[in-house]
Structures are given as structure tokens and as C-alpha cells.
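Quick look at what Swiss-Prot lists:
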{"type": "DOMAIN", "residues": "2-217", "note": "domain 'Glutamine amidotransferase type-2'"}
{"type": "ACT_SITE", "residues": "Cys2", "note": "active site, nucleophile"}
{"type": "DOMAIN", "residues": "281-422", "note": "domain 'SIS 1'"}
{"type": "DOMAIN", "residues": "456-598", "note": "domain 'SIS 2'"}
{"type": "ACT_SITE", "residues": "Lys603", "note": "active site, for Fru-6P isomerization activity"}
Amino acid sequence: MCGIVGIVGNQPVSERLVEALKRLEYRGYDSAGVATIDAGTLQRRRAEGKLVNLESRLREEPLAGTIGIAHTRWATHGAPTERNAHPHFTEGVAVVHNGIIENFAELKDELAAGGAEFQTETDTEVVAHLLAKYRRDGLGRREAMHAMLKRVKGAYALAVLFEDDPSTIMAARNGPPLAIGHGSGEMFLGSDAIALAPFTNEITYLIDGDWAVIGKTGVHIFDFDGNVVERPRQISTAAAFLVDKGNHRHFMEKEIYEQPEVIAHALGHYVNFIENRVVPISDAIDFGKVPSLAISACGTAYLAGLIGKYWFERYARLPVEIDVASEFRYREIPLSPQSAALFISQSGETADTLASLRYCKEHGLKIGAVVNARESTIARESDAVFPILAGPEIGVASTKAFTCQLAVLAALAVGAGKARGTISGEEEQALVKSLAEMPRIMGQVLNSIQPKIESLSRELSKCHDVLYLGRGTSFPLAMEGALKLKEISYIHAEGYAAGELKHGPIALIDENMPVIVIAPHDRFFDKTVSNMQEVAARGGRIILITDEKGAAASKLDTMHTIVLPEVDEIIAPMIFSLPVQLLAYHTAVFMGTDVDQPRNLAKSVTVE
């Protein structure tokens with residue numbers, strides 16, 4: 001969500017702060033701002049909209065200073081306006097914040113009763129006023145910071161400047177991540193190591209409850225009670241270069257076409273293609289002995305987990321409990337400490353997923369992380385890390401991370417089946433051969449279907465509602481298709497299990513309703529054809545995504561049929577993801593939306 005950066009050193013910082021913010025654009029934002037201290041005075045520039053607007057403002061009114069903080073805001077309290085953009089100022093205090101101050105209304109009333117005048121609608125402004133109040137009461141800067149942290153409740157990553165201290169940035173973390181970068185004669189602060197990669201690869205991650213005093217030559221870190229603590233330094237592998245679009249119009253398009261390559265890379269970490277076998281999974285989690293598995297995630301990662309559930313239950317005969325992370329820990333699930341739990345998150349910082357992880361950890365479960373960011377909080381707090389190795393994914397709507405999550409889950413399920421003795425050596429070899437074929441088939445599909453997809457997408461762009469249907473692993477894929485379409489084209493779409501059509505959604509079917517049916521010719525195909533006949537009988541416009549055998553067997557008059565190669569069931573979800581992603585992408589292009597940064601969405605959701 002919001003992005004935070006800070007620099008304290010001997011060189012001008014404003015341009016470097018904006019460059020660092022560009023590396024956080026993938027998180028999503030609606031306004032931005034920078035504050036520096038120059039000649040003993042706090043100064044700031046803010047702008048609504050994209051960073052180019054802030055850059056334009058800085059060209060007109062440059063900011064000097066060798067210390068500063070900057071922020072990209074994703075609105076939670078108050079409209080996305082320049083007035084509500086961070087940094088917030090009051091009485092010589094500047095604050096930027098990622099998170100939600102849950103008791104801000106109570107604090108605001110208290111501060112207003114004491115004479116504080118609020119200029120914005122945000123929850124963050126109470127932090128600045130609290131700090132100013134404690135300074136007026138005679139507390140020093142560190143004491144004021146500690147006192148403020150004792151009062152605020154909720155999730156926060158904070159960076160603070162005091163006008164009377166032009167050599168120090170203060171920071172605090174409770175929930176959203178913060179990384180401190182160590183330089184030569186200068187220090188850095190960022191929401192993640194990616195923002196700091198051009199400046200340093202030596203990183204210290206704050207943990208929940210930590211707060212820090214950062215100077216030019218070092219940092220002092222304290223826990224919530226004010227005790228001095230040490231946090232380890234580590235070398236970050238985050239790339240120092242900004243990823244570009246290459247010859248593609250959008251990052252999302254580029255990332256769709258990268259899938260054959262990144263999936264081949266990911267699978268190479270989990271399977272031995274020469275011997276056609278899976279490599280040993282994990283020493284930390286014994287999949288051969290766990291009685292059950294819990295999976296929790298959000299959004300697209302949750303839908304990957306739903307598909308993974310089918311695989312673990314089918315190939316490993318392992319019972320799987322799965323729920324969206326925002327609900328998982330509220331259900332009081334009877335969890336066995338002998339069991340294991342997998343948490344799926346591209347960023348590794350998803351707040352609800354992290355909270356569910358900690359819930360399972362408290363109950364004694366072994367924890368596995370399926371993440372793209374190996375230095376993330378979820379990875380660091382897990383017993384075993386299963387990297388998806390998708391590389392940087394900039395588009396807010398997940399594409400290559402989704403299919404890499406699926407590839408890793410498929411390999412883990414086969415490995416679990418081998419460990420549990422539920423698949424034979426011959427079955428293992430056959431499944432691995434199918435996985436090995438996947439990158440080639442994906443490349444073949446991507447090179448052949450675009451003209452048909454573009455034609456169909458032009459028609460979809462004129463629709464107001466779209467229904468997706470699927471059975472088996474195609475059911476979560478139908479939900480993913482609907483999610484992708486509404487995320488980036490803003491067309492209302494819903495994904496349903498095909499067997500649920502008669503239990504409500506069929507009431508929506510008419511001649512204006514496109515129904516996208518994902519139906520490889522598998523053991524569910526005949527039943528799905530029956531559902532398509534029900535749609536056709538009511539004038540619905542069927543778009544069938546199937547394989548050669550399915551196209552021949554359906555015998556239906558469809559609006560469009562997209563024909564894919566026949567593949568093994570274990571790789572079908574990844575292959576059938578491709579037309580689903582391209583349909584959403586090209587429809588959004590025809591709609592003229594911001595494909596890479598759709599409205600109201602954030603790449604990394606770091607608050608609950």
C-alpha cells in the first residue's frame with residue numbers, strides 16, 4: 001500500500017527520495033509528497049495523482065536539504081487530495097505513515113479539546129499533533145516519540161522529522177514493514193529493500209514494536225518498552241535497477257509473456273527434470289507425517305491455494321483446510337500442533353496473511369511460506385520458505401506470480417504424495433514429465449491465441465456484466481478470471497462453480513450476458529456441457545475455453561471458442577490461466593483503464 005522512504009546524509013536528497021518512491025509505485029498510490037529540512041526549516045511539496053505531478057512541482061519549487069522523508073499514499077482515511085497527502089506538518093514535526101491508527105478518532109477529540117487544529121481528514125495527523133504536544137510538555141524528541149507510540153493503536157510504519165534536529169530521522173514499525181539501509185556516511189529508510197537497492201544492499205529489518213533513531217553514521221533501535229535492542233544486518237538481493245516494460249505496452253502484458261521462462265526457472269528449484277522426480281521438499285515440514293494442512297492467503301493467492309487444495313487432496317491424500325486470511329483466524333479453527341500451514345503471498349507482507357500465520361504459530365503448527373519476496377516478513381517468520389521465483393511483478397493484477405504459485409504448489413503436492421506413499425514412482429515420473437512440458441506449451445499458447453483474444457476482448461469491453469463458470473480446478477480459475485476482469489477493466493464479473501448455476505446465477509442469464517466457461521475435456525466435462533446447454537437455452541452468450549477434444553465434443557453454438565492444447569490435469573490450471581489473463585488485459589486496454597495501476601488497488605496490502 002503506502003510507500004515510505006527516508007535519507008539522512010551529506011548530499012541533497014529530494015531527487016533521490018523521488019527516485020526511491022518510483023521503486024515503490026508498484027504498491028499502488030493516489031498522491032505523493034516529500035519533506036526536507038534546510039537551514040533549520042521544514043519544507044514540503046505534495047501532489048495529487050502520479051509521481052510525475054510531484055516531480056513537476058519540485059521542478060517549479062525545488063527542495064534543498066540533506067535529510068528528508070517521502071511518501072506515496074493509498075487513501076484509507078480522507079479523500080486522495082493534495083491536502084490529505086503526506087508528509088503532515090504541525091509545529092515543527094513532519095510525519096509520514098503507512099497503516100491505520102485505529103484509535104485516531106478518540107485521540108483527535110482529545111487533542112482538539114486541548115487546542116489542536118487539524119488540517120486534514122487523515123488518521124495520520126494525530127501522530128504529528130501528539131508529538132508536538134509532548135514536545136510542548138517538555139519531553140525530548142526520543143521521549144516524545146516513545147510516549148506517542150504508547151498512545152496509538154493499530155498498524156503503522158512511521159517516519160518522523162523534527163525541525164530542531166536536522167540530522168536524525170525517527171521511525172517505528174507495528175505491522176507494515178520498514179527496512180533501514182546502511183550506507184557510507186549516510187543512512188536510508190524504506191518500506192522494503194527494493195526502494196533502497198540503488199543506495200545500499202546492507203539492510204536491517206525492524207520487527208513489530210521496534211522504533212529507531214537514524215543518523216548519518218548509524219542507527220539506535222529500541223523495542224516497544226524503550227530498551228535498546230540489536231537487529232541483524234543482512235545483504236539484500238533486491239535488484240538495484242528499475243524493471244522496464246521492454247517492447248510491451250504495460251508491465252502486465254510483459255509479465256504475462258514472461259510466464260514460460262519464469263515457471264521453468266521456478267520448477268527447476270523443485271523438480272529434477274533429468275530423473276523426472278521431485279527434489280526433497282523441506283526438512284522443517286515433514287509432509288509425510290502431518291495429519292492435515294491449513295492454507296491461508298488473500299486475493300489471487302487465495303485462489304492459487306484453492307487449486308492447491310485439489311492437488312494436495314488428490315495426489316497426497318492430505319486433508320486441507322483453506323480460508324481467506326481476513327477470516328481465517330476469526331473462526332476458532334481446531335488446529336492440531338502436529339499439522340502444518342502454508343501461507344501464500346507474492347509480497348510476503350500481506351497483513352491478514354501475516355496475522356493468520358502468527359495465529360497458527362501460536363497454536364504450534366509448522367509454518368511454510370510460498371512467497372516471491374524471500375526477505376519478507378512472512379518468509380522470515382516461517383519454518384520453511386518455498387520461493388516462487390517469479391522475479392519482480394510490477395502490475396498490480398497478479399499474473400506470473402499466480403502461475404508460479406500454482407507451479408510450486410503442484411510440485412509440493414507431488415512431493416507430499418511421494419513422501420506419504422500415495423503416488424507410485426511411475427506416477428511421480430508422469431506428473432513431473434507433465435510439469436516439465438508446461439513452459440513449452442505455455443509459449444505455444446501465448447504465440448497463437450492473441451488475435452482471437454483481442455477480437456473477443458473488443459466485444460467484452462462493451463458489456464456491463466460477465467459470468468465465469470468452471471468445475472474442479474477450473475472453478476477457482478473461473479473466480480480468478482472474474483477477479484482479473486473487474487480489477488483492471490472495472491467490468492462487473494463473478495466466478496461460480498458450474499454446478500451452482502441453477503442455485504441462483506442462472507437468473508441473470510439473458511442475451512446480453514456473456515458466460516465464460518473454462519472446461520478442459522476432463523472427467524467433469526460432460527456435466528459442464530449440461531450447464532452450457534442451460535445457458536444456451538436462455539439466450540446466454542457462451543465463450544468456451546477448452547481443448548481440441550472439448551471443442552469437438554461440446555456440439556454447442558458458442559459466441560466464441562478458444563481452443564488450447566490437450567494437457568495433463570495437473571498443468572491445466574496454468575495453461576488455462578493464459579487466455580483468462582489475456583482476456584482481462586485486452587478488455588482493459590480497449591476500456592482505456594490504467595492497466596498496471598488500476599484505481600483503488602494496491603499491490604501490497606499491508607493493513608488489515
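Quick reminder: no glycine exception, Cβ is built from N, Cα and C everywhere.
What you are looking at is a predicted structure, and each value in this text was computed from that prediction instead of being measured.
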Fewest other Cβ within 10 angstroms of its own Cβ, chosen from the active-site residues Cys2, Lys603: Lys603
Rounded distance in angstrom between the Cα atoms of the residue listed as 'active site, for Fru-6P isomerization activity' and the residue listed as 'active site, nucleophile': 10
DSSP residue counts for the domain 'SIS 1' (281-422), split into helix, strand and coil: 58 helix, 26 strand, 58 coil
Overall pLDDT for the domain 'SIS 1' (281-422), taken as the rounded mean: 95
